[in-house]
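In what follows, a structure is listed as structure tokens, so that the remarks can point back to it.
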Amino acid sequence: MIRVTWKGLAARPIRTALTTLAIVVGVAFVCAAYTLTDTMSGAADTLTHAAYDGTDAVVVTKTAFKGSQTSDIRAQAPTIPAATLDRVRATPGVTIAVGDITDTAQIMAKDGKPVGTGPYFGVGFDAKTPDAERLTPFRLHDGRWATGPSEVVIDRATAEGEGYAVGDVIRVAARGEARTFTLTGIADFAGVKSLGKASAAIFDLDAARTLFAKDGYDRILVAGTRDVDAGAGTEVRTAAEDDRFAFSSLETLVTILRTILLAFAAVAVVVGSFTIFNSLSITVAQRTREFGLLRMVGATRRQVRGAVLLEALTIGLLASIVGLGVGVGLAEGLNALFTAVGAELPTDSMVVASRTVVVSLAVGTLATVLAAMIPARRATRIAPVAALRDSTHTAAPGPLARGVRALASLVGRPSAAVGGAAGALARRNAMRNPGRTAVTALALTIGVALVTAVTVVATGLEHESRGALDRRVQATSIVTAADGWSPIDPKVETAIGGATSSIRQDGALVFGAQEGVNGVDPATIGRFYRFDFTDGGLTRDGAVVDEGFADEHGLEVGSPLSIMSMSGTTLELTVSGIERSPVLDVLGLGPITIPHAAFDRTFEQERNRLTFADHDATAALAAFPNAKAQDKAAFIDGQTEWIGMILAILWVLLALAVIVSLFGIVNTLVLSTFERMRELGTLRALGFSRRQVRRMVRHESVITALIGATLGIAVGLLLAVVVVQLLSEYGLAFSVPAGSLLAVALIAALAGMLAATMPARRASKIDVLKALAYE
């Protein structure tokens, strides 16, 4: 039976190849998900080890809570006094100790615009201290370290990308105005090939303190011992705990990305399994006489079932091996896709872990074997007398099949109307075996349903977000950092002049958790930004809280509210207003808003997140290339464009699942061509031309694709309704993108026509005499 199985596969290479392709894409997706994220994790691990392994301890100011000490706008930690460095250096066991500044600095390209999209590392490095390089991840590639106030070193990726060389004069902006520096060196960061869209500017330590207006250091890096006595008001951490380059957030992002990619891989595998199931069901039905003969010559039911499962096992293993190779290439393609849409992440050499190989092989093989269980069981029910029959038995259609038959009749009417006799026969063929048509279309239904649901929900989110911004923002000009999220120097607002107002932001401890706190000027903010108050309002000494935050903590107008900054400064306020926030706050504002006066005396630095003006502020920003001014329409577009970017990525990923379903249509058409060989020969004998045969097969494919698309759109809309209902209390509305859904249906029809190209050509080339004699 083993030889019979393998000879059968070898005798039907086209069927075997098409069936194999159905699972290849799913396995490739699994492999790509693990390979890409393992590569990113490897880059993150390399970055982490290179950045932190040489540092035995980090001394920082003791804070009320642990937060980011980088330029993260959510929490700004106080600096550690410069005098503490001498005390640390005097500690027994300390071999090296240097101060460190890690903040934000944007390198300007030759066209005057900031390089990359962030993070923008601005680092103060003490190159004058012997062996200080041990405590930094940067390694000189060319030139020397910066030692003066007008010198800078930049990362190699930025230098090569912009064509900068040692000795060039470049401009760098550190929140305020861009300044001119001489490029004294080019450095690598931790030896990775890419930092993604990040960049790094390394200054002399004393120059960095002046540049970033720091009284002391952000931290003191120590080598030699962890047992450091830095005095009261300080604490000692490991470098990884301090995480000054925020690599932990990169690991979190990679984990999320892996989960998303594996979810799409699961969809592709499920869709491929339907194709396997349908293909084996057809071949089992076509091989009724073959299995009957095997039973007549002594094969047991168990042996017949084993033969079908062995065939599935062989196909699954072959598909998994091919899928592994395709998956590595797909990982490269996905990385290129992320780069193309502006979401590039740090990567190193591709990592194909043994776990990836084992899981990919197991998933592909197991999915194929499981999909073959029902066809294998059907094969065991074939009696020996079936070898004497001339046709196969078709089970009576169930309710689902009858529904598909009715749908096939409906969507097939245009084919019958425009395709003549060929179109009418295609419609009848789709209706003749509704069970097979249903399973073939179901694979496409899954992909289209997900595309529809994602598109509808994303469209609703975009419409709601754009509407909320349009209602809230009333300014003529909105000024942000060039990347849209970094803090900007309050000097920018001064330079703009005229009627302005700003929203500041920092992080604070509230009810035991870190929350974002906004600072506004109650006297001017109402002219430019409208709050949606459900109770109370904004006052000069009160706090406005988000409705969800108020419900969570039992707050109402008049309730006391206590917030604590990272430095330990406590601010006691009274809730003066409750505000309803949008379902998706694209501005990223915190749940608490307080007056500027209270904000400025509580937090370390004034850091504006948004600045509003009643006039065009573009000309006033000439000296601030790291800031940009937009009118209201452009600002709304910029704040919501990421929704379209994510939707584009999801469409590409779901397109792969749809491609798998198209393999299923191709496979079914090819297999049904063999099954209907005598029928096709009869049609040709009765006068059907080859062109008419091709047209018939194409119309049948289009009908099947439209059935899948119709069911998919219906199911997708239902899923979207459920999601919208769950989120309706937050303001999310149901919005049907009719144009996008029509495009999905048209693409499905065109894809069905494309999928029929090879089967139609094969069907038209059959030999009439051989077809009439075919059994």
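Glycine is no exception: its Cβ is also placed from the backbone N, Cα and C atoms.
Annotated domain 'MacB-like periplasmic core' per TrEMBL: 16-229 (among others), in sequence order.
Sequence annotations record features per position, and here TrEMBL assigns transmembrane segment to 260-285 (among others).
A mean pLDDT of 77 is what the model gives for the domain 'ABC3 transporter permease C-terminal' (263-384). What TrEMBL lists as domain 'ABC3 transporter permease C-terminal' is 263-384 (among others).
The annotation transmembrane segment is assigned in TrEMBL to 306-331 (among others).
Here the transmembrane segment (351-374) has Cβ contacts under 8 Å with residues 23-24, 26-27, 30-31, 34-35, 38-39, 41-42, 269-270, 272-274, 276-277, 280-281, 308-309, 311-313, 315-317, 319-321, 323-324, 327-328 of the same chain, all six or more residues outside its ends. The transmembrane segment annotation in TrEMBL covers 351-374 (among others).
Per TrEMBL, the feature domain 'MacB-like periplasmic core' maps to 437-603 (among others).
Under the heading transmembrane segment, TrEMBL lists 437-461 (among others).
Proximity of distant same-chain residues to the transmembrane segment (642-670), defined by a Cβ-Cβ separation under 8 Å and at least 6 residues beyond the stretch ends, is recorded for 14-15, 18-19, 21-22, 25-26, 29, 261, 264, 267-268, 271-272, 274-275, 278-279, 282, 337-338, 341-343, 436, 440, 443-444, 446-448, 450-451, 454-455, 458, 461-462, 465, 586, 697, 700-701, 704-705, 708, 751-752, 754-756, 758-760, 762. Look at TrEMBL and you will find 642-670 (among others) tagged as transmembrane segment.
Residues annotated as domain 'ABC3 transporter permease C-terminal' in TrEMBL: 652-767 (among others).
Marked as transmembrane segment by TrEMBL: 701-726 (among others).
According to TrEMBL, the feature transmembrane segment maps to 732-756 (among others). Long-range neighbours of the transmembrane segment (732-756) within the same chain, counting only residues 6 or more positions beyond its ends whose Cβ lies under 8 Å from a Cβ of the stretch, are 444, 448, 451-452, 455-456, 459-461, 463-464, 583, 658, 662-663, 665-666, 669, 697-698, 700-706, 708-710, 712-713, 717, 720-721, 724.
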The domain 'ABC3 transporter permease C-terminal' (652-767) - residue tally per DSSP class, helix then strand then coil: 100 helix, 0 strand, 16 coil
Distal contacts, the transmembrane segment (701-726) - CB-CB under 8 A, six or more residues away: 404, 407-408, 411-412, 415, 426-427, 430, 437-438, 440-453, 455-457, 460, 661-662, 665, 668-669, 732-734, 736, 741, 744-745, 748-749, 751-753, 755-756, 759-760
DSSP-assigned states of the domain 'ABC3 transporter permease C-terminal' (263-384) in counts, ordered helix, strand, coil: 100 helix, 0 strand, 22 coil
